[in-house]
Amino acid sequence: MLTFHNVCLVPSSFQLTGIPGLESLHIWLSIPFGSMYLVAVVGNITILAVVRVERSLHQPMYFFLCMLAIIDLVLSTSTMPKLLGIFWFGAGDISLDACLAQMFLIHCFATVESGIFLAMAFDRYVAICDPLYHTTVLTHTMVGSLGLAALLRGILYIGPLPLMIRLRLPFYKARVISHSYCEHMAVVTLACGDSRINNVYGLSIGFLVLILDSMAIAASYVMIFRAVMGLATPEARLKTLGTCGSHICAILIFYVPIAVSSLIHRFGHQVPPPIHTLLANFYLLIPPILNPIVYAVRTKQIRERFLQVLKIETKIR
């Protein structure tokens with residue numbers, strides 16, 4: 001680590017603090033965080049396994065659900081093992097390259113997940129508003145193409161973030177990041193140089209992903225509700241809307257924590273740092289935990305297959 005004018009540093013690594021202000025409680029915090037991570041991993045792996053073996057679930061909506069499960073596994077695994085290492089062993093040291101890689105994975109796959117939700121909204125729109133063409137439009141090739149497009153968009157949007165930090169901001173005021181992972185703004189605020197371009201780019205990407213995607217999803221559901229209201233009987237309306245229930249729940253689970261965390265980070269200057277850091281971790285953990293539960297509860301085939309597996313394991317014991 002080099003010192004620049006006795007003020008700024010050229011660090012080879014950073015030090016993550018975990019949950020700032022709650023260091024004395026780290027060992028106790030590891031219990032709920034470790035439990036939630038375990039639930040997220042088991043739940044999403046179960047979803048992948050059930051969809052793979054249950055041929056009746058080989059439909060566009062469940063292929064998108066598998067993409068969500070993979071993304072949720074990446075998001076939770078990119079942060080939780082390191083956080084648990086900090087809680088248990090005080091292993092907060094992270095190299096600059098590893099920090100930038102973690103930043104890229106978190107923001108990239110959060111962007112990809114938003115794109116998958118947009119693709120799922122398109123799937124529901126076609127299924128309800130133009131059902132005769134659903135199997136024609138949402139072929140396996142189209143589903144794969146939409147997933148690939150979401151991934152490429154995430155890479156295209158987020159790829160410049162770590163590159164701009166690496167190339168434009170080599171000097172830092174300190175090497176201690178008051179956060180549990182390498183979040184973009186937490187790193188940029190430590191920089192000695194002019195970080196306005198980084199800030200503007202980060203805000204622009206946040207606007208494109210959070211605002212435009214949510215507006216497009218809302219527009220698709222406006223058209224869906226108009227089509228549903230045109231159905232003849234209340235029973236038909238409820239049955240049709242029921243096919244969208246899981247998707248709507250998953251959207252709220254994803255967007256609400258991100259929106260709250262972003263607003264607090266930008267404008268909640270009176271919010272204590274531990275609250276902000278806890279919220280930032282929860283928005284990476286809540287969707288991976290709740291998405292499998294929501295779809296398992298609301299999808300008969302997933303629920304029955306899961307119960308069948310539990311019965312087999314019980315008999316073996």
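Note that Cβ sites are derived from N, Cα and C of the backbone, with glycine treated the same way.
Over in TrEMBL, the protein carries these features:
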type	residues	note
DOMAIN	43-295	domain 'G-protein coupled receptors family 1 profile'
TRANSMEM	27-50	transmembrane segment
TRANSMEM	62-80	transmembrane segment
TRANSMEM	100-122	transmembrane segment
TRANSMEM	143-165	transmembrane segment
TRANSMEM	205-228	transmembrane segment
TRANSMEM	240-258	transmembrane segment
TRANSMEM	278-297	transmembrane segment
Touch test for the transmembrane segment (240-258) and the transmembrane segment (100-122), at least 3 Cβ pairs under 8 Å: yes
Other parts of the chain folded back onto the transmembrane segment (143-165), taken as Cβ under 8 Å at six or more residues beyond its ends: 60, 63-64, 67, 100-101, 103-104, 107-109, 111-112, 115-116, 118-119, 122, 184, 187-188, 191, 197-198, 201-202, 205, 208-209
Cβ pairs under 8 Å between the transmembrane segment (27-50) and the transmembrane segment (278-297), at least three: yes
Touch test for the transmembrane segment (205-228) and the transmembrane segment (278-297), at least 3 Cβ pairs under 8 Å: no
Surrounding residues of the transmembrane segment (100-122) on its own chain - C-beta under 8 Å, 6+ positions past either end: 61, 64, 67-68, 71-72, 74-75, 78-79, 82, 94, 143, 146-147, 149-151, 153-155, 157-159, 161-162, 165-166, 181-184, 187, 205, 209-210, 213, 216-217, 220-221, 247, 250-251, 254-255, 258, 284, 287
Stretch-averaged pLDDT - the domain 'G-protein coupled receptors family 1 profile' (43-295): 90
